[in-house]
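*Asks:* Can you read through this structure? Questions will come right after.
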Amino acid sequence: MAYPFELGFQDATSPIMEELLHFHDHTLMIVFLISSLVLYIISLMLTTKLTHTSTMDAQEVETIWTILPAIILILIALPSLRILYMMDEINDPSLTVKTMGHQWYWSYEYTDYEDLNFDSYMVPTSDLSPGELRLLEVDNRVVLPMELPIRMLISSEDVLHSWAVPSLGLKTDAIPGRLNQATLTSTRPGLYYGQCSEICGSNHSFMPIVLELVPLKHFENWSSSML
């Protein structure tokens, strides 16, 4: 769920997104402390008349401002590298879905099934039912099993697109002639919305993404009904 006025991230529904939120808070605290220190020093310089115009050498100060930034960078880099390794490709996904971007819709192919593919178009505002979201509903949702590792293969048929679902921490470019990969695992069922995040033409704002994460049994029933 999104926060009013976009004041915060969407609620995390995957382990990766939870880690990204923790990393964001960790980095933001470091930035806040550094900014506070810099502002304090600037205000001190502007409000005091004490200066050291004759200082030519200060080994202690130079040592501190060399070592301290290095420590801060390490504190930022280590958790960042940990998340990057967590986001790396998986060797044995439970399901693989191929996503192709078009002007201006998405097509999906479940590669583990012989003939399970469909196009996904935005539902026009005039056709929305009560309670449905404007510019975010589609005629065919991507139904996926929850609590299982899923590999998304993402490419494009025409121009640059970007397949993004914020609550899952996913954003992968769809590039013509190139196959990019993303991994997702949902910890709870629900509907998760995203949009194309790369300007791709006049109808860029009208190619939403809707993932429906369901228990494995419901996914098997859905896939059987689609074949």
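Heads up, the Cβ atoms here are built off N, Cα and C, so glycines get one too.
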*Asks:* If Swiss-Prot says Cys196, Cys200, Met207 bind Cu cation A1, which of His26, His161 does it name for the same site?
*Replies:* His161
*Asks:* Relative to the Cβ position of Cys196 (Cu cation A1 binding site), how many further Cβ atoms are located within 10 Å?
*Replies:* 25
*Asks:* Within 8 Å of the Cβ centre of Cys196, Glu198, Cys200, His204, which other residues of the chain have their Cβ, at the recorded Cu cation A2 site?
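*Replies:* Counting only non-site residues, the set is Gly101, Trp104, Val159, Leu160, His161, Ser162, Ser197, Ile199, Gly201, Met207.
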*Asks:* For the topological domain 'Mitochondrial intermembrane' (88-227), what does DSSP give as the number of helix, strand and coil residues?
*Replies:* 20 helix, 61 strand, 59 coil
*Asks:* With an 8 Å cut-off on Cβ-Cβ distance and a minimum sequence separation of at least 6, pull the same-chain contacts of Met207 (Cu cation A1 binding site), or say none.
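*Replies:* The answer is Gly101, Trp104, Tyr105, Trp106, Met122, His161, Gln195, Cys196, Cys200.
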